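Some features that TrEMBL has for this protein:
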- 468-478: compositional bias 'Acidic residues' (COMPBIAS)
- 486-498: compositional bias 'Polar residues' (COMPBIAS)
- 23-448: domain 'Major facilitator superfamily (MFS) profile' (DOMAIN)
- 452-542: region 'Disordered' (REGION)
- 21-40: transmembrane segment (TRANSMEM)
- 63-84: transmembrane segment (TRANSMEM)
- 91-110: transmembrane segment (TRANSMEM)
- 116-137: transmembrane segment (TRANSMEM)
- 181-202: transmembrane segment (TRANSMEM)
- 266-291: transmembrane segment (TRANSMEM)
- 303-325: transmembrane segment (TRANSMEM)
- 332-353: transmembrane segment (TRANSMEM)
- 359-378: transmembrane segment (TRANSMEM)
- 390-412: transmembrane segment (TRANSMEM)
- 424-448: transmembrane segment (TRANSMEM)
Amino acid sequence: MGRADPEEGHLPAPVKPPDGGWGWIVLLGCFVITGFSYAFPKAVSVYFKELMKDFHVGYSDTAWISSIMLAMLYGTGPVCSIMVNQFGCRPVMLIGGLLASSGMILASFTTNIIELYLTAGVLTGLGMALNFQPSLIMLGTYFDKRRPLANGLAAAGSPVFLSSLSPLGQVLLEKFGWRGGFLIMGGLLLNCCTCGAVMRPLDAGMKRKMEKTQDKYEAKEMLPIGGKSEEGISTTDGTKKAKKAKKKPKKGKKLLDFSIFSNRGFIIYTISKFILVLGLFVPPILLVNYAKDTGVPDTEAAFLLSIIGFIDIFARPACGMVAGLKWVRPHVSYLFSFAMLFNGLTDICSARASNYTGLVIFCVFFGISYGMVGALQFEVLMAIVGSQKFSSAIGLVLLIEAFAVLIGPPSAGRLVDALKNYEVIFYLAGSEVVLSAVFLAMATYCCLNRGKKKEPPTEKNPPGGGSDTEEAESDVQEAEEHSSDNHQPPHNTDNTVVAASEEANHVAEEQSGEGGGCPEGRGEVLARDGCNADQTVERDSF
């Protein structure tokens with residue numbers, strides 16, 4: 001009763017996220033996809049030395065393979081958003097899994113570095129991008145109250161896969177060579193198709209069953225008790241379709257919703273995220289070389305990254321649990337600001353570390369803060385824009401981040417070559433991260449919180465603490481209000497409580513005047529022998 005019909009131009013009422021059930025399978029698929037998307041470009045680096053020997057190129061040439069993968073992951077965000085809005089998450093993920101796998105398989109047959117760029121770089125990178133973004137969208141669809149925890153668990157896939165894919169790649173390289181290793185890695189990427197297959201749309205089965213049950217119940221309540229219920233259902237379906245055919249066609253769905261730029265919270269988040277990415281990835285990239293320049297042996301220097309990964313595995317789920325607490329979730333934007341501030345101060349304080357012990361302490365704190373940032377970044381975005389616009393929002397954010405990724409680490413490398421001093425680079429990277437944290441916290445407090453205090457309270461959710469369940473309930477309430485504005489409330493009779501609109505009574509009177517032979521009855525829906533089927537009142541008019 002009063003539900004919005006998509007065929008009539010209204011948006012369907014969102015289904016309440018189950019926060020469990022099949023959502024845990026979706027979470028597992030998102031965990032795998034996140035692991036492949038972030039860890040695979042780094043794990044491919046174990047093959048670089050063999051590629052340099054076979055193709056007679058330098059390290060910078062082979063490093064472009066990972067750079068192209070990351071550029072495709074970030075830069076194709078709007079393309080992914082358009083495809084998801086047009087075709088849905090599951091078909092896009094299935095195509096992405098096939099592209100990612102075929103890219104690595106074709107790369108095993110390449111004869112020059114340019115072919116590697118096109119296969120392992122472009123094809124595989126595009127395939128992983130088509131998997132990563134829809135998986136996050138589906139995660140936000142299935143979880144609401146437990147969404148911070150779900151985001152934290154899914155984000156933990158990155159350090160877990162990084163710690164496993166790199167050793168696996170080294171083993172495959174020693175036993176099968178880089179060509180055999182690429183073939184096997186391509187086979188592993190087919191698991192992305194499996195993850196895409198489990199991304200079942202939430203409203204495909206549950207909502208359809210609920211509508212059928214509701215339709216039958218409404219028809220039985222509207223019709224007199226007797227054997228005419230089935231006839232009434234069929235006739236109402238016919239009149240319902242006839243009425244819809246006369247109505248104007250609905251507007252096409254937006255492929256990319258740019259209206260999110262009118263959301264001040266989204267603008268603030270995007271600016272702070274751009275500043276953050278400029279310095280966030282610089283320390284882990286330069287850490288190994290920095291340790292070697294301070295006199296740390298190669299094996300111990302490489303172990304520093306393992307420390308960060310190990311701490312990161314536990315930091316992300318733990319931060320997700322904290323963000324899901326009732327007294328923390330409404331202020332999740334400030335928790336994200338604290339995580340960025342923690343990370344930036346860690347970079348600044350470690351800039352003068354001169355021994356291995358100091359670098360180990362830096363890695364522990366950096367792993368904690370880096371895990372907090374990774375667990376909260378998409379949770380904050382979901383809370384700001386909501387699940388309905390998240391598909392467009394994440395695509396645009398990733399595109400903007402792509403420019404920061406192409407500016408930050410390369411600029412830091414050039415400064416190292418020019419200054420021969422890592423200390424300045426750590427100070428600069430830490431300052432950028434601190435600036436992003438201060439900007440997000442101050443802008444959220446000044447532009448959003450104070451603005452809402454001055455305006456009348458029109459929204460229930462504070463910035464950064466929105467609930468998709470409450471959004472769904474408000475949409476349903478709006479649909480019911482829309483229905484009540486257009487139709488007359490039901491009238492009570494002595495024997496039967498029946499709902500009838502003014503339009504139905506008008507039609508009944510006209511047809512009875514034309515000699516239809518049906519008795520007039522205000523507020524009653526009659527379906528007797530000899531009555532015209534067109535007199536049956538439509539269910540959607542109530």
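Glycine is no exception: its Cβ is also placed from the backbone N, Cα and C atoms.
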Leading stretch by Cβ pairs under 8 Å, where the reference is the transmembrane segment (116-137) and the options are 303-325, 359-378, 390-412: 390-412
Non-local residues, at least 6 beyond the ends, that sit with Cβ under 8 Å of the transmembrane segment (332-353): 148, 265, 272, 276, 279-280, 283, 294, 319, 322-323, 359, 361-362, 365-366, 368-370, 372-373, 376-377, 379-380, 383-384, 422-423, 426-427, 429-438, 440-441, 444, 463-465
Closest-packing stretch to the transmembrane segment (266-291), where packing means Cβ pairs under 8 Å, from 63-84, 359-378, 390-412: 390-412
Segment proximity, the transmembrane segment (21-40) to the transmembrane segment (390-412), 3 or more C-beta pairs under 8 Å: no
Same-chain residues at least 6 beyond the ends of the transmembrane segment (21-40) whose Cβ lies under 8 Å from its Cβ atoms: 69, 73, 93, 100, 124, 128-129, 131-132, 135-136, 138-139, 142-143, 150, 153-162, 165-166, 185, 189, 191-192, 194-196, 198-200
Non-local residues, at least 6 beyond the ends, that sit with Cβ under 8 Å of the transmembrane segment (63-84): 37, 40-42, 44-45, 48, 92, 116-117, 120-122, 124-126, 128-130, 132-134, 137, 255-256, 391-392, 394-399, 401-402, 405-406
Intrachain neighbours beyond the transmembrane segment (424-448), with Cβ under 8 angstroms and 6 or more residues off its ends: 264-265, 268-269, 271-273, 275-276, 278-280, 282-283, 286, 290, 333-334, 336-341, 343-348, 350-351, 408, 412, 415-416, 463-464
Tertiary contacts of the transmembrane segment (359-378) (same chain, 6+ residues out, Cβ under 8 Å): 136, 148, 151-152, 155-156, 158-159, 273, 276, 280, 283-284, 287, 290-291, 294, 296, 304-305, 307-320, 323, 332, 335-336, 339-340, 342-343, 346-347, 349-350, 353, 394
